Structure formats: C-alpha cells, structure tokens
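Q: Below: one structure in structure tokens.
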Amino acid sequence: MPNMETENSNISHAEELKVLANEAFKAHKYAQAIDLYTQAIELNGQNAVYWANRAFAHIKLEEYGSAIQDATKAIEVDPKYSKGYYRRGAAYLSMGKFKEALKDFQQVKKLCPNDPDATRKLRECEKAVLKLKFEEAIAAPESQRRSVADSIDYRSIGSGPSSSSVPMEVAIAAVAVAVVAAIMVMVRTAAATVVAMVVVVVLVVLGARWWGGCNGGFFQQDQIHDLEVEPQYSGARIEGDVVTLDFVKKMMDDFKNEKCLHKRFACQIVLQTREILRALPSLVDIIVPDGNHFTVCGDVHGQFYDLLNIFELNGLPSDENPYLFNGDFVDRGSFSLEVILTLFAFKCMSPSAIHLARGNHESKSMNKIYGFEGEVRSKLSETFVDLFAEVFCCLPLAHVINGKVFVVHGGLFSVDGVKLSDIRAIDRFCEPPEEGLMCELLWSDPQPYPGRGPSKRGVGLSFGADVTKRFLQENNLDLVVRSHEVKDEGYEIEHDGKLITVFSAPNYCDQMGNKGAFIRFEAPDLKPNIVTFSAVPHPQVMPMAYANNFLRMFS
C-alpha cells in the first residue's frame, strides 16, 4: 500500500512539474522547461507526453540530436502517440534529413488520417524529398563541376551583347516541373503518380543535358553578363576596383532604409572577397600590437540592424579597430544578405580590419533550410546562391590571437593530441563533412562534466573542461573563444574560465529574449572585456521569412 501511495504521489507531482514546464516553454524559457520536464520524467518515465514535450524544447534550442532521442523514447513508451513521430520528424527536418523525416510524417498521417495539419506537413515533406532526388539525379560528377566564380570577370559585366533567349532544354524542364506539380496537387491517385514519375524521368534527362552543357557558366544563364547599372540607379557605387569607406557607409545606409545594392556591385564584392579568402590558411594567426585592441563577435544570423548597433557601440571596422566575426553570419534572420555584403565589403576595403571565420551555417545544407538561399534567390538571383556557396568554402576555420587565444565557431575534438598544425593542414575548400576535425571545429559544444559525450545537436560532440585544458596545454594557449550557442546574457564563461562562448544576435529570432555580446581584447595581456547589448528594432520582416515552407511550419 505505501508503494502504491508513493507511486500515485510521484505521478501527481510529475503532472505538476509538467504544468510548470509548459509555462516555462510558453515564456520561451526553454532550458528551464527542459529541466522541469526532466524532473517529471524522473518521477514517471512511462508518460510519453513528457518525453515529446522535452523533445520540443530541445528543438527550440536547436538541440536536434537530443530531440530525436527524446522523441524516440516517447515512441517506445507509446507507439501510438502521434506527437512522438511528429517531434522526431520535425527534428530530422531541421537537420536536413528529409528521408528520415518523411517516414515519421507518414506514420503521423497513418495515426491521424483526418488531421489536415498532418496532411499538409506530409505533402511538404514529400515535395522536399522529391526535390532532393531530382537534385541528386542531375548533379554533375565532382570532376566535371566548374567554378561559378572562375567563369566571371566582374569588370566585363555590362559589356556583353544583350540576349533574352532561353535554352530549349530549360524551357522544357520548366514545363515539366509545372506538369508534375499540377498532377500531384490535383489528382493524388496511383495513376497520377505513375504519370508524374514518367515526367520526372523526362525532366531528369533534359536537366542532365542542360546541366552538362552549362560548362559552369551559370552567370550566362542568369544573364549577369548583360547587366548594366541603370542611369536611374541611385544606390551605392564602387568606382573601379577599390571598395572605399564612403561606399561601405553609403551601402549600409541604403540597407538600413531597405534599399538594394545593384547586382553589379554585389558581384564585385563577393568575387573580391573570394580572392582574399582563398589566399588565407585554414588557421589564421592574428597579431595585435601592444597597446592596441581587438574585438571578437559571435553569431549574427542575419540580424543586420543589430550588426549596425555593434558598430554604433564599438566603432566601424578599421586597421585601428579590427574585428573577428566568428561564423554564422547568415540564416534565420531575414537580413542575411545585408549582413554578409557588409562584412565582405569591409574585408575588401581593408583585409586586416575584419577577419571572418566559417560557421556551421556557412554551408549549402544549412542555407537551403534556414533561409539564406531563399533570401539570395529573392533579392539577387539563383546564380548568387552558387557563388556564395563557393565563397563560404574559402572561409578560414579558426584564428589564434597573439599565439594565446584560440577562436573557433564550434569547439574542440573527439581525440586528444590535435595540434594547431593539424588545423592549418585541413583542406577546407569543400562543404563541411559529417565527421572529422573540420566538422568538429564547426559543430561541437562544451559540456559541464568531464570527458566527451554525444552531441545534443546530432553532429559533432560535447567536450568537458578536461578536454579544453589539455588542448590549451598541448598548444601553449591560454583561452578558447567560441560561439555557436545562444546565451541569455550574450556570453558564458565555462571550463574554469578557460572557455568563453560569445553570441552576438540579441533576442535571437525575435523570441529568445537574450542579450548579445562581443569581447574586446587589449594587448599585451589580452584580458577579455565583455560588452553586452540588447536588441534594436528592425523592419517588419519576420525571421525565417525566406526559409523553406516546411521549416516555417514548425517555427
């Protein structure tokens, strides 16, 4: 009898904790919600709701690996609990694992056949998988791919003959896409599926012909060579090859007033930045002379108006006021193009005034999901999507300040003994792999306990204070500075003061309520001076406005 009373008491208390956790979730206090759901699970681990709710909180914190684990546990507890599959599918979608997500949403539809929301999400997931298969089918072999950037000389833009013709294969492919879409939307029968697949085959063949005949000249497909700077264009202009401070100021002011930069000048900025970045090593050494200072910023994530606020608080980048932006310039925020063009323009103006590191969001897979690809396509053109992807592969992976401060976007490694020379030797000119040193530099996170553990994100790993201490000792370093994680105060000092996380996107995604931060180092002692700041207003364009439809459904 006492055991039953205790069990009933635990169940009752667990429900109380769930209510508190739900309230914390609604207040966007996701870490607190996770802690409360965890307490509820410890009292009653056989309630699938607790596991699924905690999975949802993990999703909000971008901890997709942990979300998949919790959702899987919810399914184990109750195989008929649809939200378990729903949460796991959402986590898989957020990681770009569309095929795995499709299986979960098919199960949701099976469990809830009359749920219109489940139907809508399943259809979006099916579209994503179909698009992925098509892209895989028409992709040229690696050996045959040619650089978009190498096919363009921005100095010649506007000098070529004008043409409005469209290759026949492209026109047929466009019609085929329309036919497939119409069939799939209007008639969802077995016969329609067969017809659609036949059209897809035709599309793949024609697409492959077109793709193979492009010879890398995507700018010609987008008619970039035919662009003229119209006489009525009143925006910022680059005179000749030199990007000046006056140009950058004018461009930022135009962006602030929601005006666009002409494609001609955007192209020049991106191509010039590529040339600068290609010449850099994968690990860049930065020297700050005695008496000088250096500023490190974390994730900006397309929050252009908060970037302007950083410059307002700390001054514009210059040789006397240098910056390092530590990755994740783009995605989620809907002014990512303005952010990246501003940072690239400063790099062109003075390469030593601003240093740029690659983050996990400077990659095709992330940009396709989280908005940058859609934003670039909307504001510039399809060609610029490919061009930015190439330039992101040129970004260095890490920096060392005065031989003492190691700065990287994500974190440390799954093995001991990694030396700075190993990082310098990484061939970074590619999309990030799913394992290895490059992956871990971009994706890993610190953990509060010793040793190493699985990544809460599902990529990279978690590492403890002992791992940080050994890495610093083996490389004669004093401090690790990294970004990659939203923090309530904009920063967090961990691992016995040997690791600092800095995050520079306040009120992340307009909902997290966090502060932003940046770190100023004064030479020679390089003592970190952390400055925090709050979010500033921005135009009424919501975060994720350019993200894929299926992801916006879960935002």
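The backbone N, Cα and C atoms fix where each Cβ goes, and this holds for glycine too.
What TrEMBL shows for this protein is this:
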ACT_SITE  HIS361  active site, proton donor/acceptor
DOMAIN    261-537  domain 'Serine/threonine specific protein phosphatases'
REPEAT    14-47  repeat 'TPR'
REPEAT    48-81  repeat 'TPR'
REPEAT    82-115  repeat 'TPR'
TRANSMEM  170-187  transmembrane segment
TRANSMEM  194-212  transmembrane segment
Q: Under the DSSP assignment, what numbers of helix, strand and coil residues are found in the repeat 'TPR' (48-81)?
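A: Tallied per class, the repeat 'TPR' (48-81) gives 27 helix, 0 strand, 7 coil.
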Q: For the repeat 'TPR' (48-81), provide the mean pLDDT of the predicted model.
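A: In the predicted model, the repeat 'TPR' (48-81) has a mean pLDDT of 97.
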Q: Excluding the flanking five residues on each side, which residues at least 6 beyond the ends of the repeat 'TPR' (82-115) place their CB within less than 8 Å of a CB in that stretch?
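A: Same-chain contacts beyond the flanks: 48-49, 51-52, 55-56, 58-59, 62, 64, 67-68, 70-72, 74-75, 121-122, 125-126, 128-129, 132, 365-366, 368-369, 458-459, 550-551, 554.
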Q: Within the repeat 'TPR' (14-47), count helix residues (DSSP H, G, I), strand residues (E, B) and coil residues, in that order.
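A: Residue counts in helix, strand and coil order: 27 helix, 0 strand, 7 coil.
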